[in-house]
Amino acid sequence: MNGHSDEESVRNSSGESRSDDDSGSASGSGSGSSSGSSSDGSSSQSGSSDSESGSESGSQSESESDTSREKKQVQAKPPKADGSEFWKSSPSILAVQRSAVLKKQQQQQKAASSDSGSEEDSSSSEDSADDSSSETKKKKHKDEDWQMSGSGSVSGTGSDSESEEDGDKSSCEESESDYEPKNKVKSRKPPSRIKPKSGKKSTGQKKRQLDSSEEEEDDDEDYDKRGSRRQATVNVSYKEAEETKTDSDDLLEVCGEDVPQTEEDEFETIEKFMDSRIGRKGATGASTTIYAVEVDGDPNAGFEKSKELGEIQYLIKWKGWSHIHNTWETEETLKQQNVKGMKKLDNYKKKDQETKRWLKNASPEDVEYYNCQQELTDDLHKQYQIVERIIAHSNQKSAAGYPDYYCKWQGLPYSECSWEDGALIAKKFQARIDEYFSRNQSKTTPFKDCKVLKQRPRFVALKKQPSYIGGHESLELRDYQLNGLNWLAHSWCKGNSCILADEMGLGKTIQTISFLNYLFHEHQLYGPFLLVVPLSTLTSWQREIQTWAPQMNAVVYLGDITSRNMIRTHEWMHPQTKRLKFNILLTTYEILLKDKSFLGGLNWAFIGVDEAHRLKNDDSLLYKTLIDFKSNHRLLITGTPLQNSLKELWSLLHFIMPEKFSSWEDFEEEHGKGREYGYASLHKELEPFLLRRVKKDVEKSLPAKVEQILRMEMSALQKQYYKWILTRNYKALSKGSKGSTSGFLNIMMELKKCCNHCYLIKPPDDNEFYNKQEALQHLIRSSGKLILLDKLLIRLRERGNRVLIFSQMVRMLDILAEYLKYRQFPFQRLDGSIKGELRKQALDHFNAEGSEDFCFLLSTRAGGLGINLASADTVVIFDSDWNPQNDLQAQARAHRIGQKKQVNIYRLVTKGSVEEDILERAKKKMVLDHLVIQRMDTTGKTVLHTGSTPSSSTPFNKEELSAILKFGAEELFKEPEGEEQEPQEMDIDEILKRAETRENEPGPLTVGDELLSQFKVANFSNMDEDDIELEPERNSRNWEEIIPESQRRRIEEEERQKELEEIYMLPRMRNCAKQISFNGSEGRRSRSRRYSGSDSDSITERKRPKKRGRPRTIPRENIKGFSDAEIRRFIKSYKKFGGPLERLDAVARDAELVDKSETDLRRLGELVHNGCIKALKDNSSGQERAGGRLGKVKGPTFRISGVQVNAKLVISHEEELAPLHKSIPSDPEERKRYVIPCHTKAAHFDIDWGKEDDSNLLVGIYEYGYGSWEMIKMDPDLSLTQKILPDDPDKKPQAKQLQTRADYLIKLLNKDLARKEAQRLAGAGNSKRRKTRNKKNKMKASKIKEEIKSDSSPQPSEKSDEDDDEEDNKVNEIKSENKEKSKKIPLLDTPVHITATSEPVPISEESEELDQKTFSVCKERMRPVKAALKQLDRPEKGLSEREQLEHTRQCLIKIGDHITECLKEYTNPEQIKQWRKNLWIFVSKFTEFDARKLHKLYKHAIKKRQESQQHNDQNISSNVNTHVIRNPDVERLKETTNHDDSSRDSYSSDRHLSQYHDHHKDRHQGDAYKKSDSRKRPYSAFSNGKDHRDWDHYKQDSRYYSDSKHRKLDDHRSRDHRSNLEGNLKDSRGHSDHRSHSDHRIHSDHRSTSEYSHHKSSRDYRYHSDWQMDHRASGSGPRSPLDQRSPYGSRSPLGHRSPFEHSSDHKSTPEHTWSSRKT
């Protein structure tokens, strides 16, 4: 192939002289490595490359080599580059480019996967040589350096040669490789797919070509394999200069792409700058890839800046290539290679300079911290170069005997997989290759007929650990873990699903994996096993499976849609046998919910749920989803047995054994009285299902745990803030039990923040401190706890302890991190924002042998469950949780198996504050309220509480909250303002001595003791008594006594002042004031405002002036249990569904709120819906326009918690999607059979798309929401996986096309519903209907108003304007359809008019369709006013009705004037008449109205223009007709202007009428009137100036009032008259503004009240809501682009639709409706 010769030429030119062993070895080492680094087999290569290549590739290669040599000379001259040198210097080439070949290979491979490749082999064999060369090239470059190192002459290039071979032979053959989906990410830099055929090369290109021609071809193949991920590489075409012959593959390659772009396509693209350095000159390019360095050594090794001159080099990750192909480059080499993405270099430099500047001025601690972060990042990047799994291979082997492998990289998602050269991977990761092939050939894959699934075997206990458990390292289970395994096995044999509830740290993960291993080996049950785990523990599960059960194939099902699709493609099932490949599937809750239909389709042999307390709420979506999965056995794994109630325990039992524990009521009745009588019966019932061991029973070797409560005073600043918070909230506090719970909770949160640190209340300004020392001192002095912690940490550091510090508040962790940096204590941090891989690294770094890390900061609740930090021996709980269970778990992270030292736990509590009281109460309350499963035989004794408490609630009621808030307040207020004492200086040893201390004893003494132990309280019964005595005393005092009056007064005065300022300040000043008062640093300001969702009048809240405008419509307490982020997600998902309140499960799934109960979700949903309705009602006075600019309509908004909701938008989305909700069956089985009831027009996608696909798309939108295209693609039941969102971004349908299509289909459904409704209401027969038509229509119109309204609402997405091409396509569609129509319509006795619904309606002899030729002529003539045509039906968003009318009028005048101009070239009246008609028909395609109507409207507009210009009434008096309307508006009179009889005759003669009736009776019987009502009614219907409902719209809108008998009078007037009129029009242009005032008035006068009442929803901002006149049938249909886009809904500006119109619309194919109008 061309590729070959190119390659050869490259080789020769580079001095390799290998003639062209295209097949691979030569090329492999050739382009880069052999020439430059000759590491591979360089000795033989460089000299004998010719011979090598000759021998390998044979005659083919020789002939090619000749050509290539000639080419070489030509190419090599201009750049005069030595190939090897250049190779080194241009890393981007480094990744061999195999573009053409790759492509071919891919195509072939694709085929191969289906055909097993045999045909392709033959077909591609010709090209294979060539391809292989290309492949080789690629490999050569990269791998060569590395791999081939001694491979010898023929294959000497090792990777290259293989790759070449790959490329060559396999290029053709490889192309068949089964597994390479076209669009996977490739690992090497993919060359561009298309090679230009032009033959011209620029110097740069040539240069590059020299080195990489071989590679490139190679790349091409790769490219295919890899997908188009990296389309840019070298700008050289490797085929062009070669022979002129082209094979079919080449043609294929080019035809899909734009040939002109090819050149750019061939350049490599920079994806990312990873690092920079000063390096040795020339130490760049391919020789710096990781594999080249391993083979040849690092060209930069031993470089010292001081001794030699260096240059700045950048480590570059190339787009489309994996990280092993990263190279070091200089700016110069990048420019030489003409790479794309150079803008990134500037950005990187800028950032780098900023960092350097910062480092210069930063303190040593900061620098150290920065360096640690860098180190972590570098470690992460190193992992990206390790192959974690191989998931596919190519069919063809390269010369070196290796296929290419599709690799998944460690730490990167599946979407980053890439194709790599086989030899390269084999050299480094042979173990992964072996694993891959053993997985592929494994016989131990799941099969349905496993007999133990149907009948469980007898249980045989395992006396000792079986050899298959423990993996290659022969790890041993502890005795209690073996017991646990036996218990799990016993439960399985008995058919009992169960709960493993061992305390944290006892190895539940290992026991579960051993159990699966037991099923696998003992009972040949190979799966599929589903493990659902939290993201935070996913990596540790993966690691443990690898360690303990390496024989089982575990796949991690995670990542974005691309990653998950790739897993389905490569890791899911064997394509031939259709048997599943994996044994274990690991996934997270979120992914499970996203892909529930896919994952739920499998029959699982086992489902295990880790951290199963997520399932304690049987009303949550996660619970409901998972319980529906088909499974043979279920296991719940939880370290925190049930926290709050018996109901939660029942939920878990019901989940595992729904038949046995079917009813909560029965369960409660049986065991609810347990508290009085003990729980013996419950224990007995639980025994088979629940296993709970605690550490102290099973792990005697575990060292003791000692906990101390350290109480400290507040600092002076804290006291001040604490009092301040209470004083400012005096009003709320004094309400006592009448106050709101959420109000108290918010105040309490503020006080808790204050107890932790003052910065949480008011962060300091950025420039507040002069130096680090001062900042550190201020930081410490702002919190009593931190003063103590500082002393404690210094002492612990001296002793060599390692510390875990827990806080609930992430912002507190920020402050602690800042403190640790000032103190230069090395630390790690983990909170919710730290993602999987970084999190894992931080843990590994902390636990590593000899780790320097002293502290680990953790948030109490962040995904830390199951995290092992046993290398720490001290735990500091900075602030206690409401729920002591969470603190227990926090402690367990250090006090767990593997711990060798005593664990000290320090709990910090602020004396005399809410914190202390919460702790006291929690001790007592939690013992009673929390279900603690103690040891009872295996299960432990239980303290159970029957009530079901809502998950989000706090454990305290209002009275208790009020009492807690009073605790300590009185003492505080005794210190005068400004004289608060600093806490006394105390020695840390003294503090520790005084602390309340308790060690854990071997076994609990009293019931609930384990829970109590954390509080160090010996006996809780005394506590209860104290409690009773204390309560009255504390509660008796009220807030007036506690807060001094002087302070209350001062606060009230301040508030009054603020209110006055608010009143007198201008809005702009007010805003400035707000900003100023919101002090300092931007970042902190936002933080300080964000009060954990609190709406209380807390300090900063009060400092801010009150917001103007309406008060918040919804009090905050209504949304307990939802954070602002969750509410935002909920609203976003809410807008995706029709009837969202009936689809809460789908909304919650989409919003990832599956843990919430349906009750909570319903409450929030109703809050959103009702809030929107109310806001729209309140705002019915009109739209608020943002910033006064047109186009931006900011509808009424309201707030839910901190989230602003656009009411209009939400309601409009709800209404737009309502037809879909009504049409799609809710029953899943019926839904599978759903077919769209309307005829649809062709989609014009790049794939076959039919009615079935439309139906599936609608079902997908129903199930997953509008816009969730990727979810729809993933659902196998919808069969759209291969059809939508193709990987090639240039292929349709992508998201934009799907949106357009969906909008169109939903409109069809809407019309269909309206039609059915109209039919339902139609009832009586024709004759009756005809007589009473007007009355009936009126009634129907009002009845159906609601139905139809949704028609006019904006579609969920606003489309961008369609471009000219689309317009042309539409025009063509119309033409072809018109042709079809003319064929289909039977001849009628009477003249007919073809309506948009393709129903014949008789009119006169004239037809309103244009033949193709006329249409084209009209199109050309009207091109100058194309813009006006497009805008005719599409007013800008946000215009008022008056402005919309004006807009349409102006467009009509422009269009009409242009038509008048066009007609001037004719003299023959007949011609003029004919062309006027043709042009207006053309115009009618752009709007709802037909040609006559438009012409008439135009004439009225002209008259108005004349009238406003001339201000004289002469015409009026002469033209008034008998039915003059007595309306003060002069314009109204105008509209009945000179109509002579001829005009009446031509449009609405009696003859026409009778024909119409006859025709109608004969042909259409019952449907007749509907037809006539449709969009183009017979014109007789207008003879009285009224529409089919007997409504006279022109009465309402003077502009268009006219006697419709006198239609088209212009056609019959003399030419003089016309020219006169035109003259007037021209004169009057520009004076049209006079109209607007009166129009508006008239408009509103005649507006019915019902219309106003609906003003709030966006669909009601209609265009001309009063003209109900003459709407064409497709009005509400997906008429035209204009229609879809108008925010005012699908109705044209010119009218509502009647139910009849709807009904007729859909009588026949909507396809015609749509396309006949759309041009």
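Glycine too: its Cβ is placed from the backbone N, Cα and C atoms.
In the three-state DSSP scheme, Gly507 (ATP binding site) is classed as coil. Annotated ATP binding site per Swiss-Prot: Asp502, Glu503, Met504, Gly505, Leu506, Gly507, Lys508, Thr509, in sequence order.
According to Swiss-Prot, the compositional bias 'Basic and acidic residues' annotation covers 1-10 (among others).
The compositional bias 'Low complexity' annotation in Swiss-Prot covers 34-62 (among others).
According to Swiss-Prot, the compositional bias 'Basic and acidic residues' annotation covers 66-85 (among others).
Among the features that Swiss-Prot reports, compositional bias 'Low complexity' is placed at 103-116 (among others).
Residues or ranges marked as compositional bias 'Acidic residues' in Swiss-Prot: 117-133 (among others).
Summarising the annotation, Swiss-Prot assigns compositional bias 'Low complexity' to 149-160 (among others).
If you look up Swiss-Prot, you'll see 161-178 (among others) marked as compositional bias 'Acidic residues'.
If you look up Swiss-Prot, you'll see 184-207 (among others) marked as compositional bias 'Basic residues'.
Here Swiss-Prot flags 1369-1380 (among others) as compositional bias 'Basic and acidic residues'.
Residues or ranges marked as compositional bias 'Basic and acidic residues' by Swiss-Prot: 1526-1576 (among others).
Annotation source Swiss-Prot lists compositional bias 'Basic and acidic residues' at 1585-1673 (among others).
For 1698-1710 (among others), the entry in Swiss-Prot reads compositional bias 'Basic and acidic residues'.
The domain 'Chromo 1' annotation in Swiss-Prot covers 268-360, and the record cites sequence analysis as its basis.
Per Swiss-Prot, the feature domain 'Helicase ATP-binding' maps to 489-659; the stated evidence is sequence analysis.
According to Swiss-Prot, the feature domain 'Helicase C-terminal' maps to 788-939.
According to DSSP, the domain 'Chromo 1' (268-360) comprises 37 helix, 27 strand, 29 coil.
In terms of DSSP secondary structure, the motif 'DEAH box' (610-613) contains 2 helix, 1 strand, 1 coil.
Within 10 Å of the C-beta of Lys508 (ATP binding site) we count 23 further C-beta atoms, all protein chains included. Averaged across the domain 'Helicase ATP-binding' (489-659), pLDDT for the predicted model comes to 86. Take the CB of Gly507 (ATP binding site) and look out to 10 A: across all protein chains shown you find 22 other CB atoms. Of all the binding-site residues listed here (Asp502, Glu503), it is Asp502 whose C-beta has the fewest other C-beta atoms within 10 angstroms. Around the Cβ of Gly505 (ATP binding site), the number of neighbouring Cβ atoms within 10 Å comes to 24.
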